[in-house]
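The next block holds one structure in the form of C-alpha cells; read it before the comments.
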Amino acid sequence: MCASQKNQELIGGLILFSAALLAIVVNNSPLASYYAMLETINVKLGIENLVIDKNLMHWINDGLMAIYFLYIGLEIKREIIVGTLSKPSNIITPAIAAFAGLAMPSLIYLSINHDIKVINGWAIPSATDIAFTLGILALLGTRVPAKLKLLVITIAIFDDIAAIAIIAIFYTKSLSLLSLSLGTLFILAMIICNRIFKINRSSVYVVLGFFAWFCTIKSGVHATLAGFTTALCIPFRENDKDSPANFMEDSLHPWIIYFILPVFAFANAGISFSGISFSILFEPITLGIIWGLFVGKQLGIFSILAVFKKLKWFKLGESFSNLQLYGISLLCGIGFTMSLFIGVLAFNDTHLLNAIKIGVVVGSVLSGFFGYIVLRFIVTNPS
C-alpha cells in the first residue's frame, strides 16, 4: 500500500467516524426533524409501471451500498486473480479464521437473545468494517508490518463474501421470480460481453449492471447482490490499469471512502436519546451485539490463528507474535457500517434500531480502542 493510499485510508476513517458522530449530534438537536426527512422524503426512479419509489434512507442503503459492494467485488476479483487469494496456501487459514469470526459472535448473540422477535439479528455482530479497520491500521503506521495488514485485509475479504451470502440468503423478505430472471439475463449479458465478445468499454457494464440492479431491487433480493455479481462480470487484465475492472476500482475508491461510506454512516448511525434510558445498554439485543463484536470476534479469529500457528499450519503467522495476532483479532471486531447495515435489514422497530446502533457503536469502539492499545503500546517488537 503506497503512502497516498495510507493517507486516504486514514482520512477516510476519520471522516467516517466524524459522520457517525455528526449524525448522533444532529438527531439529538433542534435539527432532528430535518434528520428524520431521510425516512419521509420519497424519490421515484423509472417510467410508467417500472418504477422504484423509496425514501432517501432506502436509496442510500439500496443504491449507494450496491456501489460499495460493486467496489468490494472488484477488490475480491483482483485478489483472486493476481493477489493474495491467488495462492491456495494464503487462503485456508484466513478463510477459517473469518468463518470462526463470523460463527462465534453469532453464537454469543443467540446465547443471550432467546426472544423470537430479535433472533433475526444474529448476523449483526458477525461483520467487520474494513474501512474503519484500515483507518486504524494507517494510524498505527509502521507498528503494523505490511504482511500483518495483508492478513487483516484477507480476513476482511472473506468476511465480506460471507456478509454478501448472509444478506442474500437470510434477509430476502419477498421474491419476484420474473424480476429475478430479468436481472439474471442482464448478468448473463455481461458475461457474454466479457467472455465471448471481449468488450472492454466500462460504460457497457455500467449500463447492464444498472439494469441488473434495478431488476434485483424489484425482485426482493437485496441490491448489494447485484453490485457484487456485476463486479465479477467486469473484465480484468493484469498490469493494465485501463482494463474496465482496474479503471472502475481506482475510480470508485475515493468515492467510497470520502462519500458513500460517510453518507451511509450519517444516515444510519443517528441514535436518538429521546425517551431512552441507561437501561437500554443492558437489554439482551444490545449486550448480544456488544459481546459478539468485542468478545466473539477476537475469540473466534485469534483462536484459529494461534492454534494454526502453534501447529505450524500457518506459515505466514510464524513471523508474527501472538500479541500481534491478538491485536488484529481485536480490530476485526469493528463492525460499524456493515453491522449497522445488517441491522437495518433485520429490523424496522425504532426502539430495536436504537438498541442495535448503541450496541454496534459500543462494541466497535471497544474493539478499536483495545486493538489500537495492544498494537501501539503492548507489542514490543512490531517488525
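Positions of Cβ are set from backbone N, Cα and C atoms, glycine also.
Proximity of distant same-chain residues to the transmembrane segment (10-30), defined by a Cβ-Cβ separation under 8 Å and at least 6 residues beyond the stretch ends, is recorded for 131-132, 134-136, 138-139, 257-258, 261-263, 265-274, 336-337, 361. Taken from Swiss-Prot, the feature transmembrane segment applies to 10-30 (among others), supported by sequence analysis.
Residues or ranges marked as transmembrane segment by Swiss-Prot on the basis of sequence analysis: 56-76 (among others).
Per Swiss-Prot, transmembrane segment is recorded for 91-111 (among others), and the stated evidence type is sequence analysis. With a cut-off of 8 Å between Cβ atoms, the residues of this chain six or more beyond the transmembrane segment (91-111) that come close are 84-85, 119, 121-126, 128, 151, 154-159, 162, 288-289, 291-293, 295-297, 299-301, 303-305, 308, 313-314, 316-317, 329, 332.
According to Swiss-Prot, the feature transmembrane segment maps to 121-141 (among others), an assignment based on sequence analysis.
For 150-170 (among others), the entry in Swiss-Prot reads transmembrane segment, with the evidence type sequence analysis.
The feature transmembrane segment is assigned by Swiss-Prot to 174-194 (among others). Beyond the ends of the transmembrane segment (174-194), by six or more residues, the same chain brings 204-205, 208-209, 211-216, 218-221, 226, 229-230, 233-235 to within a C-beta distance below 8 angstroms of the stretch.
Residues annotated as transmembrane segment in Swiss-Prot: 206-226 (among others).
The transmembrane segment annotation in Swiss-Prot covers 254-274 (among others).
Sequence annotations record features per position, and here Swiss-Prot assigns transmembrane segment to 289-308 (among others) based on sequence analysis.
The feature transmembrane segment is assigned by Swiss-Prot to 327-347 (among others).
Marked as transmembrane segment by Swiss-Prot on the basis of sequence analysis: 355-375 (among others). Using a Cβ-Cβ cut-off under 8 Å and counting only residues 6 or more beyond its ends in the same chain, the transmembrane segment (355-375) has close neighbours at 20, 121, 124-125, 129, 132-133, 136, 139-140, 143-144, 268-271, 280-281, 283, 285-294, 297-298, 323-324, 326-336, 339-340, 343, 346-347, 382.
Against the transmembrane segment (289-308), stretch 327-347 has more CB pairs under 8 A than any other of 56-76, 150-170, 206-226, 254-274, 327-347.
No contact links the transmembrane segment (254-274) to the transmembrane segment (150-170), because fewer than 3 Cβ pairs that are 6 or more residues apart lie under 8 A. Contact counts against the transmembrane segment (121-141), taken as Cβ pairs under 8 Å, peak for 327-347 among the stretches 56-76, 150-170, 206-226, 327-347.
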